[in-house]
Every structure is written in C-alpha cells, then in structure tokens.
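Please read the structure below before turning to the comments.
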Amino acid sequence: MSGSPGEGPVRVSAEVAQALSGGVGVVALESTLLAHGLPAPGNRYAADDLEEAVRAQGAVPATVAVLDGVPRVGLSADELDRVCSGELRKLSVRDLGPAVGLRRDGATTVAATAALARLAGVEVFATGGLGGVHRGARDSWDVSADLGALARTPVLVVCSGVKSILDVAATLEVLETGSVPVLGYRTDAFPGFYRRDSGHPVPWRVDEPAQAAAAWRAHRELGAPAGAVLAQPVPAADELDADLHDRLLVEGLALLAERGITGKDVTPALLAHFHAGSGGASLRANLALVRANAELAARVAVAGAR
Ligand code: PSU
Ligand code: MN
C-alpha cells in the first residue's frame with residue numbers, strides 16, 4: 001500500500017518507502033505538536049531531536065504533514081523548516097480533503113496523522129498528548145476528532161495520555177466505547193501528560209516493547225478495526241511539580257472563563273498560561289515526554305518488524 005514516492009494519494013519519502021518494503025520499523029511523527037504545541041525556534045530542534053530518537057533505535061522516522069496540497073509521510077529538512085515556521089494551519093481528518101483539493105499547507109493532528117500513516121502503511125506513531133473530551137463538553141460538545149479517528153483507524157499511538165485540562169475520565173470512557181485498547185507502559189496509571197498519574201487506572205499494563213508489539217499484532221490479527229493507545233508517563237525527572245501544576249490549572253481555567261475563550265482556542269490559551277507560569281518547566285516536560293515517546297515507538301516498531 002505504501003507504493004513508491006509520488007504514487008497514490010500520499011507521497012511517501014524514498015527512505016520511508018524503502019524501509020517499509022524492507023521490513024524495517026517505521027515511526028510516524030505528528031506535526032501539529034511541532035507547528036502549534038511548541039514555540040519557535042525550539043520546535044525546529046525538537047523536530048530533529050525526535051527523528052534522531054527514532055533512528056537511534058534502528059527505525060526510520062516519518063514526520064507527516066500536508067505541503068502544497070500533497071499529504072507527505074517522511075519530510076526533508078526543508079519541509080521540516082516549513083512545518084516549524086509557525087504559519088501552518090492545524091488539520092484534523094475532516095480538513096484533509098479541503099487542504100489537498102485547494103492545494104494548501106497544514107500540520108496534522110493525531111487524527112489526521114493516523115489517517116495518512118495508515119494510507120502509507122505505517123502502523124506505529126508517536127506524539128505527546130491525545131485530544132480528548134473537554135471539560136464542560138456536555139454543554140460545548142467539544143470532543144476531539146482524535147477519539148473517533150482512533151476508533152476506526154488501525155494505528156498504534158504512543159503518547160503520554162491526555163492533559164489534565166481535559167475531562168480525563170470521560171476521555172477514557174469514549175476510548176472504551178470506541179473499542180480502543182489502552183496499554184500503560186511500565187505503569188498502572190493512565191498518565192496525565194505533565195504528571196505521571198492522572199488519577200485513573202489503565203486496563204492493561206506492559207513492561208517491554210515486545211509485549212506492546214505482541215498485543216498490537218494480536219489486536220490486528222483478530223480483525224479489530226480500531227487503533228490502540230500505548231501510554232507512557234513523562235520521565236520522573238521532568239514531571240511538573242504537583243502543586244505548581246494544580247495552581248496553573250485552576251488559574252488557567254479561571255482565565256478562560258474571564259476572557260470567554262472557547263472551542264479550539266482553549267488548548268493554546270491554557271498551554272501558553274502553563275508555559276508562562278512555570279518558568280519553562282512545562283516546556284521541558286513536554287519536550288522530554290515527546291522524545292521518550294518517539295524512542296519507545298521506535299522500539300515497538302522494531303520489535304514488531306522482527
Ligand atoms: N494535546 C497535547 N498537545 C498537542 C495536542 C493535543 O497535549 O499538541 C494536539 C494534537 O495534535 C492533537 C490535537 O491531535 O491537539 C487535538 O486537537 P483538537 O482537540 O482540536 O481535536
Ligand atoms: Mn475541539
């Protein structure tokens with residue numbers, strides 16, 4: 001399905017196409033976290049850092065984005081520059097058709113990255129945090145398309161859970177409804193992005209990449225249509241202090257209400273508040289966890305390719 005570069009609706013880089021046909025592990029990397037989750041110019045260093053983390057484990061990185069109306073799996077250095085320029089639109093799955101048809105550029109969310117990775121034949125991908133059910137979703141109806149996409153796209157997503165700015169319990173319920181397996185990596189607790197424990201358990205725990213690969217392979221062989229989540233907590237040394245985290249969350253939520261911020265502006269506003277109020281600690285945590293997830297995804301991809 002991967003085809004050669006330039007073939008089909010998705011352009012797969014020569015290196016990624018060669019890895020796929022040669023049975024080498026490939027890890028898709030999401031671009032919204034680069035374009036919108038991390039500030040420039042550090043995001044460009046992060047883009048290289050993530051690709052290096054994947055290579056160091058013997059896998060090939062495939063960062064995903066839409067450039068000049070072409071969905072691309074595997075980007076050149078120049079293309080990564082464009083993704084990190086800060087000018088790209090955020091594309092979820094529903095935006096892919098318009099972006100391609102109108103020949104636009106965009107960074108892909110978890111949902112859109114999963115859709116394009118699948119078209120390219122890449123099964124494992126790494127990111128920071130999943131989108132989920134927002135607090136107050138009962139009134140706002142704000143539930144990320146990531147959850148619906150995971151229920152119908154067979155891709156294993158390695159992440160650090162979801163941010164505590166979301167309704168974590170409701171997010172886990174929607175993943176259950178979508179029949180999306182959730183595996184904790186060396187943890188019994190679903191991670192809360194900046195914090196190692198969101199206060200909610202995971203249904204399954206694995207302690208080795210080979211176990212994650214085995215669970216994923218069996219899930220696929222049983223014909224399950226859904227993706228899966230492999231959730232790894234932020235490294236202990238980079239976890240945000242609990243009191244600081246809780247204070248920033250309460251303040252941030254109050255700020256949203258005060259300024260009437262809703263919809264897709266909620267997450268960027270809260271993240272900006274965390275970054276400003278933590279003296280850089282939230283950014284360090286973010287970088288550390290994404291790197292660790294890229295590395296783990298590569299180890300799972302290599303174990304699965306054997
Ligand atoms: N959560 C994070 N960092 C992120 C995102 C989510 O901790 O960068 C991004 C991901 O790209 C995710 C998207 O797929 O936000 C979800 O956006 P929305 O809630 O608008 O669906
Ligand atoms: Mn939303």
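Cβ atoms are placed via backbone N, Cα and C, with glycine included.
Bear in mind that TrEMBL entries carry predicted annotations, made automatically and left uncurated.
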Annotated companion of Lys90, Ser144, Ala145, Asp146 at the substrate site, TrEMBL, chosen from Val70, Val73, Val110: Val110
Residues among the recorded positions Glu30, Lys90, Val110, Ala145, Asp146, Lys163 that border ligand 2 - Cβ under 6 angstroms, in sequence order: none
Beyond the site residues Lys90, Val110, Ser144, Ala145, Asp146: chain residues whose C-beta lies within 8 Å of the centroid, for substrate: Thr32, Ser92, Val93, Thr109, Ala111, Ala112, Leu130, Gly131, Ala149
Where Ala145 (substrate binding site) falls in three-state DSSP terms: helix
Packing count at Lys90 (substrate binding site) (other Cβ atoms within 10 Å of its Cβ): 17
